[in-house]
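According to TrEMBL:
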ACT_SITE  Glu140  active site, nucleophile
BINDING   Asp48, Ile49, Asp50  UDP-N-acetyl-alpha-D-galactosamine binding site
BINDING   Asp48, Asp50  Mn(2+) binding site
Amino acid sequence: MGENRSLTVRKVQSLNRWQDISMSRMEKLEKLIENELVSEADYIFCLDIDAKFYGRWGAESLGRLVGVIHPWLYNVPRNQFTYERRPESLAYIPAAEGDYYYAGAAFGGTLEDVYNLTKTCREHLNIDAANSIEAVWQEESHLNKYFLLNKPSKLLSPEY
């Protein structure tokens, strides 16, 4: 790492289902930004723990709000995107809407923009849970709904 750069690894509590770990991601990021990073960083990126880097990930990926096109769904028609299709969920996206299917495995941006994303998604996940609804792809479904309403300022290809 370069000068004045740091990497911090945080242990995540083990839960019975991977879905529960996934759904707690937005709250953990929201609290991390709110309580620790607010004056410590300009950007934050969230990547799945099993992410593998085969090439350089550099400054070209920076933007206010960054989304990554899902590598399994970049070349399929919109009607095959695995959006949440139940209107009861706050992650619901109607069949005729949506530009891309975004990967929950990688997203980021400025602290302010990612904070707004994580706070909104966490609130919507909690409301769905209170109504006994779990979106088809948990937080990824809510991320896709957020990006439908708040377009990313930068869109990264599936190679990322």
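Just so you know, glycine gets a Cβ as well, placed from its N, Cα and C.
Caution: TrEMBL annotation is automatic and unverified by curators.
A map of TrEMBL features onto the structure.
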residue	record	contacts (Cβ under 8 Å, 6+ apart)
Asp48	UDP-N-acetyl-alpha-D-galactosamine binding site	Gly104, Ala105, Ala106
Ile49	UDP-N-acetyl-alpha-D-galactosamine binding site	none
Asp50	UDP-N-acetyl-alpha-D-galactosamine binding site	none
- Check Glu140 (active site, nucleophile) against DSSP and tell me helix, strand or coil, would you? helix
- Taking the centroid of the Cβ atoms of Asp48, Ile49, Asp50 as the UDP-N-acetyl-alpha-D-galactosamine site, which other residues of that chain lie with their Cβ within 8 Å of it, listed in sequence order? Leu47, Ala51, Ala105
